[in-house]
Structures are given as structure tokens and as C-alpha cells.
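Undergrad: Once you've had a glance at the structure underneath, I'll fire off some questions.
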Amino acid sequence: MACGATLKRSMEFEALMSPQSPKRRRCAPLPGSPATPSPQRCGIRPEMQQGQQQPLPQLGGDRRLTPEQILQNIKQEYTRYQRRRQLEGAFNQSEAGVSNEVQASCSSLTAPSSPGSLVKKDQPTFSLRQVGILCERLLKDHEDKIREEYEQILNIKLAEQYESFVKFTHDQIMRRYGARPASYVS
């Protein structure tokens, strides 16, 4: 059987990994310098200033939503959100009956501008959290549509490329073998 011996590392190895070690000195900040290391010495990219931010590329191209479409999408999303909250509320309640709160929200959904409505004029239609949820959902839907369009375009391009490959291969075979009949041997 093989026999092996191991030795315990000396304290010098631990000294190499300490902050005072020359191996770590290059990226460690000096006592009088700022806490972030210099990008030239440590190979990290400097963060961009707020004024120097590059604009994000437009994903939709010419497919921008009009304000009417945005409003319609927000209204649809809000009704989905309210239905979801109703279903969650109904699910959490016992099966025996429905509370007055859900009935009141149902009546406010059907007729929000009725005189008996509990919604005040000064009260905003959406809370900040609801607007955030709506925007996230709209962005997700828009991203999904863009992904679908992108996949369709890629599939079309791939099909065109395949067609040209098949045509090229067929032309090469015809040049090489001419009008001779194809055989299993060749």
C-alpha cells in the first residue's frame, strides 16, 4: 500500500493571506485613500457617473404604445388584479358565506361612479404598489410579445437558410455527378 506523509503548513502561509501581506497590498486601499480600489491597479471597470449613463436600446422599434393603449392595458390589468384579490379573499374565507367587504368591493367594481359608492374623489384610483404591479405585468406581457416576434423571425431566417443550403447541396451534387442516375454505391 502507498504511504503518504503530510506536514502542517507553517505560519508563513497565513501571513501571506493577511491584509498586511505584499500579495494583497495591490488591491487593498491605503489608509488615507478612499475605500474603493483603483480601477487601473485591480482590473475592475469604473462605475459610470449618473450623467454618463448610456441609453438603453429600444426593444420595440416602431411598435410604441399609444397613451390610449397604455390606459386600456392598465385598466385591464387593474380589473385582473381586483378579480385576483376577490378570489384570494373568497378563498381565505369559509365556505359558509361571503363577508360584507367582498360584497362592497363587488358593488364598487360594477358601479364605481354610483352615488352610493365608497370611493372618494380625492382618493387615487391606484395605489403605488398597484401601479408597480400593473407596470411589471405590462412590461412582462410586452417582453413576451417581443420574444415571440423574435423567435418567429429567427425561425423564418433559419428556414430560409436551410432552403438555401439544400439548394446549394443539390447544385453541387448535380455539378459533380451530372445527369447520371443516382446509385447506392456513389
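Keep in mind that glycine also has a Cβ here, set from the backbone N, Cα and C atoms.
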Undergrad: Check each of the ranges 22-27, 28-33, 64-69, 82-87 against Swiss-Prot and return the one annotated as motif 'Nuclear localization signal'.
TA: 22-27
Undergrad: Looking at 151-154, 163-166, 171-174, 183-186, which one does Swiss-Prot call motif 'SYVS motif'?
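TA: Matching range for motif 'SYVS motif': 183-186.
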